[in-house]
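In what follows, a single structure is set out as structure tokens and then discussed.
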Amino acid sequence: MALTLVSTLEGHEDIVWQVAWNGGILSSCGSDLSVRIWQKEKETTEYECTCILNKSHKRTIRSLQWSRDGQYLATASFDSTVNIWKFTPSSKSNDNEDSFECVSTLKGQEKELKSVCWSPNWKNFSLKKQYLACCSRDHSVWIWEKISSDDFEISEVLEGHEGDVKHVGFSPTEPILVSSSYDNSVRIWSHVSLNSDKKQKKGNSKGGKLVDELDEEMEWKAQGKLADHTNIVTSTSFSADGKILVSVSADRSLIIYEKKEEQEQEQEKELENVKEEEKVKGEEYKGKSALYEFSSYIQSTAGWVIRQKIENLHERNIMSVDIKKDDSKLTIATCGEDDCIHILQEDENNVIQKIISIPNAHKSDINCVTWGENNLLASCGDDRLVKIWKFEN
Amino acid sequence: MTRRSGLIVTDLDDFAPSQVCVNPLVQSKNKESTQITLTLEDLDDNSFNNGNGIGFEPESESESEEEEVQLTLSDCLACSGCITSIESILVNKQSLYKFIKVVSDQKQDNKVVIVSLSPQTRASVATYLNITPFEAQEKIANLFVKLGVHSVYDLSFGRDLYLQGLGEEFLSNCKKIEKIEKDYFEVKKKTQSKVQLNNLSLLLDDDDEYEDDDEEEELKIKIEQETQSEEKVSKNTFPTFVGNCPAWVCLAEKRYPELILPKMSKIMPEQEIMGYLLKKKVAALLSRKEEDIYHVSLMSCYDKKLEASREEFGTKTFGFKLVDSVLTSVEVKDLFQFDDIIAKFEKGEMEKEEMEKKFKKVDPKIDPETYQQILKKNMDNENPETVKQYSNLDYQNKKIYSMRERGSGGICEYLYRQMGQLFFNYQKDEIPKINWVNLRGKDFQSLKLKSKDQKKEIHFIRVYGFKNIQNLLRKMETDQETFHFIEIEACPHSACLNGGGQIKIDQIKKKRVQLNAILNAGQIVDKLEENYFNEKDFVIRLPDLNTEVNQIFEKYFSNENFKILKTEYHNRKKDFDKIKNPLELEW
């Protein structure tokens, strides 16, 4: 088992904050107000910077994500806007070059945006719309819905966090959004059709309405809260089957959560019992005043149970975590302000252990790690470099 | 935007160290304290202006109450920057404690207290006590009269006056714009205008970067002029936004002044119109000065308290404050709770200690002794006659006159009918039926009024809730559709009926369990809407058919007097920007 350095990509003129893969294409963004696209022409050649997108944001570009079909790139910046770029690869464009066109700008949040995330294709659910979530230092998470090839509308403004929101991520298998924040908590939000879909699947005759019939004013609601960290939760990641959630924090620990259906049902029943005691059968809360109470005092963990907690994983703040999406064994990469990259894997006893450690992977704080195809791992850091590593199992 | 129960001023994060007070205009006396204790004494006259002489009017008496400022503003547009600490002080000054004090010192201070009750508060209390809205009106009136209030009025009358003023303003603007641009209301085909990065509306940008400072100044002066001049009507006046939601006004003044303020309707909201009318009338009736009348209005949100302290509605413009204090439905519920507690005590069902404990639990600042004394003083007060005037109440049949509406006053429906008759010349029964179309859920709706030949139309939009406001502004930016009139209310689902100051669902549940009239959360919300309008307790009467309203309007607000109804808005963006980044850190 090894993690070997394959490429070091220079070019950014300031801190590189995030990297994201689109198939074999790597993109990075940073404090130099630019987005850089790195590609290999052939397997045998080196990575080259094939495109630079600058002059699109007025301040640091903090986060970027490719959409599920690889056609759009979203960049979120400290200037409180998100730019949506349409990507036409050279094979499809007229002049044999990759082209990026800024088709939309999303604005409205008041403070610096910290993270952006596209929704995946939820195969087993009736919700077929495409969403983009972004979170900000103004304690809110905004979910935008793509309504046409170049336009977005706000689907929901989610509030409840009591501190800056650092990271957002959608679950790959169900319409659930997870946000992590400076208030040491991870909050779970779900689309209102989630319960209806589940009831329909269970053959519950009361069942819910279909997504298209829902006439709700609230499209996304608070579902639960995980408050197990003792410091800022910097990043989260889902496994490919959506049943494992990993979170890392400035308290230098990593927590692995597992979703238990029975737990979820139990908690729902508990809630029901409490209401029964008050002789009132509660349903979904409508109206702002009741909703506010619910999302403030929410105690439920929405079925997530701690499977394992690893303390002192890094010597300083852990900045990012990513679960490998194409491995049968649970494989996790983390990076931190201690300039280290760690790889963890599930062993025979289903316990997650650190298997590889790369000290001084970068010359300074490492801001992001993300898995790509073919066992590649990309990382970026304050040392202005983007590095690509090859993982051998 | 946060719906947190406490507005946290000292945000600790790795960007800025904790600050004592966000507003740089305010310096707390005790700089070493970690708690925020700001009193009115800490501030001088300049604190209430934003540097150019416009601002808010605080209470004239300076009390040395060392009250801790509770920065609690449960309003969905309140955010860490929007409501400054000064505004929070102003809101907290209009407390129940203050009201009790005023009512008990009435005779000494030579004041007369009057109360006007909004239909939303009435609906909230009716749901809380499980009574009909008419009974709620009477019960609330009795409650206040027992405390020594002179008379209690129905604020839906003020709403009818507001609608009439709004209708006249909108009709006049539409006529003027048609003269300038003949095809302004013509039905246009949708143009596929793509949003280009470079062509984005400059005015929607929060951080404008003009290359030429003079250009910026010129544009600002031009916009200020357009905002304040009464006669000038241009494309910039449309679409017209209503100004009766104080949270929306706050958002517009602080974040989008250049874009929105020229388009805001200048008619002052209903509580101020009612205040003007009542103060004039009651002063004349009792042969007193308007300044001696203390007007309290019962509303469904806390931001109305802020609206009441606006300078434009105070002594500088009128010689007296139109609304002296606003109490929310929650505070009215507190008064009902006091009533209950004292009734039980006097029947002998409760010991004195327990009574005092329960009293303090509801509101720790109010002294039960003082409260009881007030009740004793006013034991013989009867409900005086004046409450029957200026109201939509039918005392004979014990019903209430109303339009069929959703929670904030039926503004669009009223204008639809007015414009149908007076602009497109339909006969009353010819006007096409109102058919709202959902643009995104029930909180973002569109209504089109077509002319007889179907060639012209007036486009009304109704928007509730912050996220839909953002969606609307975005739609306006892309310029694909033209809107002419927009009703914006900050509270989602049912606007003012769902305001931040309404009695909370769990309180209603508890009380209803006591009264053996149990309902679950969803049913309570339905009941609230019923108590705002239903076929049984209400009689449909359109506001234009209210002859009393027409008479009053004719006498006090028509022709040259129309300008009394008009107010001004101000660009408060500078304040807000300073607060947004007080240490000017670039992270």
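Glycine too: its Cβ is placed from the backbone N, Cα and C atoms.
Note: TrEMBL annotation is automatic and uncurated.
Since the structure is predicted, the reported quantities are computational estimates derived from the model, not experimental observations.
As recorded in TrEMBL:
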| type | residues | note |
| --- | --- | --- |
| COILED | A:254-284 | coiled coil |
| REPEAT | A:9-48 | repeat 'WD' |
| REPEAT | A:54-95 | repeat 'WD' |
| REPEAT | A:158-190 | repeat 'WD' |
| REPEAT | A:226-267 | repeat 'WD' |
| REPEAT | A:359-393 | repeat 'WD' |
DSSP-derived helix, strand and coil totals, residue by residue, for the repeat 'WD' (A:226-267): 7 helix, 19 strand, 16 coil
Helix-strand-coil residue split for the repeat 'WD' (A:54-95), DSSP-based: 0 helix, 19 strand, 23 coil
Selected stretch (most C-beta pairs under 8 A with the repeat 'WD' (A:54-95)) from A:9-48, A:158-190, A:226-267, A:359-393: A:9-48
Mean of pLDDT values spanning the repeat 'WD' (A:158-190): 93
DSSP residue counts for the repeat 'WD' (A:158-190), split into helix, strand and coil: 0 helix, 18 strand, 15 coil
Annotated stretches the repeat 'WD' (A:158-190) and the repeat 'WD' (A:226-267) touching (3 or more Cβ pairs under 8 Å): yes
Surrounding residues of the repeat 'WD' (A:359-393) on its own chain - C-beta under 8 Å, 6+ positions past either end: 1-10, 12-21, 23-24, 26, 28, 30, 36, 38, 47, 319-327, 331, 333-341, 343
Residue counts (helix, strand, coil, in that order) that DSSP gives for the repeat 'WD' (A:359-393): 0 helix, 19 strand, 16 coil
